[in-house]
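Take a look at the structure below.
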Amino acid sequence: MRKIVIKCGGSVLDSLSPSFLQNVKSLKSEGYQFIFVHGGGPDINKMLELVQVQSVFVNGLRKTTKEVLETAEMILSGKTNRMLTALLQTSGLKALGINGSDVSLLQGTFLNEKELGYVGSIENVNTEFLQNILALQIIPVITPIAMGVNGVKFNVNADTAAAAVAVAIGAERCIFVTDVPGIKIGGEYCSRIEVEQINSSILDGEITGGMIPKVKSAISALEEGLNTISIVSGKSGFYDGQNWLGTEISNRKELQI
Ligand SMILES: Nc1ncnc2c1ncn2[C@@H]1O[C@H](COP(=O)(O)OP(=O)(O)OP(=O)(O)O)[C@@H](O)[C@H]1O
Ligand SMILES: [Mg+2]
């Protein structure tokens, strides 16, 4: 079965377009299976402001103390996941929200404890569970909280989590749905970008903030065998019937064909 992993940014959850949902429905009816992973940056920021905890980002990753982790999980699992799952469900798709720490779905470890606290990297994904859910024609909607040994939980950047799930499940494509139509370089959105150009654009300061975890996760997922990652706005569709929209980051092998 052909699979697509969609990462839905917290930045665009409130404004997902009808054509986005239409794309999911029509590709599903063509036989694609979907797995969703969601972010929740703006809602987490709002809640942290409310409880007067400062948000600190290092290269686009949220520094995560115990308190930030608890707030992030509460918002992601209790609000953002609920919203997206309900939206899919009311759009006529069967969706099941699940926390990444349940059923060992996302198993993680510290990415860099000293600099980032409880930010996780993914070590393993329970693909058997995902396959079982997909076989029921249900779309899993994953909250990017991972579980480590001894029950330690991790806040995993949602782009990182989506890319890891895409690699593990053997997805044909991973789509990062965000609030901009792709990667902007030199004032223009590009339809395709290569790994070398990404690295130089980070150094030049053209790719910053929340775009950094996207391109970095894309690069490592491509190295691990994923074929294509695209970055696209959720305010429009991601597929026009023939072409995938947004900025595509492809495996070099495919580029040479
Ligand atoms: N070169 C670039 N091209 C396009 N966007 C860029 C670039 N560099 C930085 N960005 C920023 O990246 C942002 C998208 O990442 P961001 O983390 O804010 O959203 P998200 O990942 O969709 O949401 P969430 O983090 O809640 O899941 C854009 O809104 C834009 O401001
Ligand atoms: Mg982000």
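Including glycine, each Cβ sits where the backbone N, Cα and C put it.
Just so you know, TrEMBL annotations are computer predictions that nobody has curated.
What TrEMBL lists as substrate binding site is Gly40, Gly41, Arg62, Asn155. According to TrEMBL, the domain 'Aspartate/glutamate/uridylate kinase' annotation covers 3-229. Sequence annotations record features per position, and here TrEMBL assigns site 'Transition state stabilizer' to Lys7, Lys214.
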Near ligand 1, which of the recorded positions show up if the criterion is a Cβ under 6 Å from one of its atoms? Options: Lys7, Gly41, Arg62, Asn155.
Gly41
Given the binding-site residues Gly40, Gly41, which one has the fewest other C-beta atoms within 10 angstroms of its C-beta?
Gly41
Please list, in sequence order, every residue of the chain apart from Gly40, Gly41, Arg62, Asn155 whose Cβ lies within 8 Å of the Cβ centroid of the substrate site.
Gly10, Gly39, Ile44, Ala72, Leu76, Asn157, Ala158
Under 8 Å between C-beta atoms and at least six apart in sequence, can you list the same-chain neighbours of Lys7 (site 'Transition state stabilizer'), or say none if there are none?
Phe36, Val37, His38, Gly39, Ala158, Asp159, Ala161, Ala162, Ala163, Cys174, Ile175, Phe176, Val177
Cα-Cα, whole number of Å: Lys214 (site 'Transition state stabilizer') versus Asn155 (substrate binding site)?
16
Within 10 Å of the Cβ of Lys214 (site 'Transition state stabilizer'), how many other Cβ atoms are there?
28
Does DSSP put Gly40 (substrate binding site) in a helix, in a strand, or in coil?
coil
Secondary structure at Asn155 (substrate binding site), reduced by DSSP to three states:
strand
What number of additional C-beta atoms lies within 10 angstroms of the C-beta atom of Arg62 (substrate binding site)?
22
With substrate as the bound species and Gly40, Gly41, Arg62, Asn155 as its recorded binding residues, calculate the greatest Cα-Cα distance and give it in Å as a whole number.
12
